[in-house]
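**Q** So TrEMBL has the following annotated:
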REGION    1-25  region 'Disordered'
COMPBIAS  1-15  compositional bias 'Low complexity'
DOMAIN    69-169  domain 'Pyridoxamine 5'-phosphate oxidase N-terminal'
DOMAIN    199-241  domain 'Pyridoxine 5'-phosphate oxidase dimerisation C-terminal'
């Protein structure tokens, strides 16, 4: 395991080099944009949050720049024992009125936390828009995981077998490459590489979805959809920015 010790010349050793300015990085503090591209009004909002999401997602896809993945979302989970949250970027792979789907290793940190505390939050960031989703997490049907896994490139399917996701690699990068080589040799004569039993899909079933539109002077538009347990109706309220 590599250890890092900051040098005495590092700026981190002196968090306040200017006693007259308590902000360590004023150039970062001054970074800001004026949000003035759109509005989010109740009169122009679809009463169905999935239809509203599809409208925004379609716009994000059509306006995204090369190298930007509009289906990238921040997935947040919580360890129920330590109450410590963790977050990472994953890719949305499907959505419908049942919820929002992503795929991963069930034995990863997120998979472990979901198994103990089946609630999560998702956040999409599209320029001057955000969508925040909260809800219960469930595993998708086996057939759905099989179908998506079969659609992946061969290298990604091999990688799912090779990587002990979130586990420490004492042997460094070389150990990971050895695991990948072993997995590739294991399936070199297989026409169809089977899905690992420890890998599959999750669906976040929302009970709360918020649409956020940036506005001038930080007076942003925030519309929140909430659904009571056992009900199919969504309530829409405006939140203060």
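Glycine is treated like the rest: Cβ placed from N, Cα and C.
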**Q** Residue counts in helix (H, G, I), strand (E, B) and coil for the domain 'Pyridoxamine 5'-phosphate oxidase N-terminal' (69-169), per DSSP?
**A** 27 helix, 43 strand, 31 coil
**Q** On the DSSP side of things, how many residues of the domain 'Pyridoxine 5'-phosphate oxidase dimerisation C-terminal' (199-241) fall into helix, strand and coil, could you say?
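**A** The composition, in the requested order, is 3 helix, 25 strand, 15 coil.
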**Q** Mind looking up the mean pLDDT for the domain 'Pyridoxine 5'-phosphate oxidase dimerisation C-terminal' (199-241) in the predicted model?
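**A** Across the domain 'Pyridoxine 5'-phosphate oxidase dimerisation C-terminal' (199-241), the average pLDDT comes out at 95.
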